[in-house]
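*Asks:* I grabbed these lines from TrEMBL:
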DOMAIN    B:95-302  domain 'ABC transmembrane type-1'
TRANSMEM  B:9-30  transmembrane segment
TRANSMEM  B:101-122  transmembrane segment
TRANSMEM  B:142-162  transmembrane segment
TRANSMEM  B:183-201  transmembrane segment
TRANSMEM  B:237-263  transmembrane segment
TRANSMEM  B:284-309  transmembrane segment
Amino acid sequence: MKPLLEVNQIQIAFESDSEEVISVEEVSFSVNPGETIGIVGESGCGKSVTSLSIMGLLGKNGKVNKGQILFGEEDLTKVSNQRIRDIRGNEISMIFQEPMTSLNPVFTIGNQMIEGIKLHLKMNPKAAKEYAVEMLKKVGIPRANEIMKEYPHALSGGMRQRVMIAMALACKPKLLIADEPTTALDVTIQAQILELMKTLQKESNTAIMLITHDLGVIAETADRVIVMYAGQVVEEADVFTLFKEPKHPYTQGLMASIPHLEYESEQRLASIPGSVPSIKHMPAGCRFHTRCPYATERCEQEQPRLKDVQAGHKVRCWLTEEDGLRTNSDQPKEEIFT
Amino acid sequence: MVPYIIRRLLIAIPVLFGVMVVNFIIINMAPGNPVDMYVDPNSSPELLEMRKEQLGLNDPLYIQFFHWLGNLAQGNLGYSFSTYEPVSKMIFERIGPTFELMGLALLAGLIIALPIGILSAVKQYSKLDYLATGTSFFGISIPHFFLGLGLIYIFAVQLQILPAGGMSTLGSEDNFLDKVQHLILPVIVLAVGISGQYVRYVRASLLEVLGQDYLRTARAKGLKEFVVTNKHALKNALIPIITIIGMEIPFLLGGAVITEQIFQWPGMGQLTIQSIMSRDYPTLMALNLLTAFMVLFANLLTDIVYSFVDPRIKYK
Ligand SMILES: Nc1ncnc2c1ncn2[C@@H]1O[C@H](COP(=O)(O)OP(=O)(O)OP(=O)(O)O)[C@@H](O)[C@H]1O
Ligand SMILES: [Mg+2]
């Protein structure tokens, strides 16, 4: 199957005070039509930057220096401004982490809904309005007709995120990028929103790129997972493999830090020692070596590449490349990461 | 909304009273008194005393004040000490020219400032931005008397294409073109300062909005940058600007003291200067009352307009 989106070895840099800071490097992954791909990683590892680069929304200071973002036949890093605007909100949509601030406070929900519909679906105002109401109903907003006339401040966070979803899905995009869509919401609303996204995805065969901190959310929704660390992809696998056999020490650390109900209550929750290196001072060699319990001399000097260890399972680590066999079952992970 | 407005108006009454008490005290504390100003200095002390008695200046201050207040309650602002005309008539004659001058200046200033401020914010730290902020700084700091005299020197004295002052040429009071010609220079002087300020306000306010999440949402919809800036960002950025414009309303009627003086513009600013110079207490009190009232009124008006542009604000 030909992937819908293929991100190929991209490097993203930001201009700040006349110096260039590289935020994301050698990031590659692909998204197939209709699948859900999860992206996890610590704060600041470049998840949002990667997704914004697909939308061409890096802003004035940011740009993709190297690599390609293939969407169909087109390289999104090279298309014209006009073309990327046609794609945004139409073929690729995005919803953001902060529903409270993502809607414009001085325009009605209806106004903001209709804007994109008129632009991409070329509907007349009346038809656009009816369609907007229909979309609001679809995402489970009660009194959709009245909500159209409301301003965002009158809606709760969960409702606003539903509006964002309605807006994002109105033009039946092929890809929906959801950047931590539920982080700002409470748990019950979180589950509802994820459920809603799944239902709508099935209806329209939209691929979803789900960015989150929450491994629980990943386990429930994603088909495939990409783990990012310090601006790079360190592991990619389907969701079962990743949870069962995480290969990269960082992924193993992440897994060990999930609380499990069945564990003894006195057992301490594991955490990864140290903190993410800052983008201005990336360590040489493997970027994780400063925190890795298995780090060798080679890890400090040479940077590993993202390599296939099995079909569909890629890891960026010298250890797996060398013996290819060692898994986390060799040593109990809790001992390593405490 | 209506109960809110009524409440605000009722609150305004004690505020106005307080303001006028303070004004009255300060005016009377100033050295000198009206009689010394108008009466021939060679007249006898008895005559001066008689005039003072006539004008009620020998009464205790609080009696004078309540006298003034009593007249005010009957809609009588008193008579000028210097021209003996009713104060209301004097103000009425002056308010039109001032409103015309100040209104046009504010309008011109805003029309210049808005696009420059927007461009300056959108292209922050560009050459254009530096040019705009630099020029606006110049506009704010150049004194009105200096710019006014400079313009008079160039356009009225040297080039002789515009009049040096006044509202119209004698004999052609109804000539529209003549009126416009008289307006040009004073409006420019005032608009330079106003647009200088507003370029900065618009720029600062828009910059604050430009980083907001909802603009990213608007861009993510595929909207053109022009729509993102001029629809989504600008409407938010203009909300604080409205307050600033609202605070400008009292000046629309208060007049521009120095500019009116330089251009011999028969407006409120000139009247204010004249009545201070001649210790014309009734006129001064009336002018201060009007200003205080306008400030309160402008605040209320601003709050009301606010509730229309910002849906988050509702008054009950
Ligand atoms: N506009 C920008 N200018 C300069 N650097 C930026 C900019 N945006 C992001 N960065 C940098 O890029 C890196 C990646 O940021 P990004 O927002 O993608 O992280 P993230 O993985 O989404 O984190 P979080 O989970 O907190 O959302 C960070 O180090 C950040 O400082
Ligand atoms: Mg992020």
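Cβ coordinates are placed from backbone N, Cα and C, and glycine is handled just like the others.
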*Asks:* Can you see whether the transmembrane segment (B:142-162) and the transmembrane segment (B:183-201) are touching - at least 3 CB pairs under 8 angstroms, only pairs 6 or more apart in sequence?
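*Replies:* Checked: the transmembrane segment (B:142-162) vs the transmembrane segment (B:183-201), in contact.
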*Asks:* Cβ pairs under 8 Å with the transmembrane segment (B:237-263): which stretch of B:9-30, B:101-122, B:183-201, B:284-309 has the most?
*Replies:* B:284-309
*Asks:* Which one of these stretches, B:9-30, B:101-122, B:183-201, has the most C-beta pairs shorter than 8 Å to the transmembrane segment (B:284-309)?
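*Replies:* Ranked by Cβ pairs under 8 Å, first place goes to B:9-30.
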*Asks:* Mind checking which residues reach the transmembrane segment (B:101-122)? Cβ under 8 Å, same chain, six or more beyond either end.
*Replies:* 128-129, 132-133, 136, 183, 186-188, 190-204, 206-207, 210, 229-230, 234, 245, 248, 251-253, 255-256, 259-260, 265, 267
*Asks:* Six or more residues out from either end of the transmembrane segment (B:9-30), which same-chain residues have a Cβ under 8 Å from its Cβ atoms?
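*Replies:* Distant contacts of the transmembrane segment (B:9-30): 61, 64-65, 68-69, 279, 281, 284-285, 288-289, 292-293, 296, 300.
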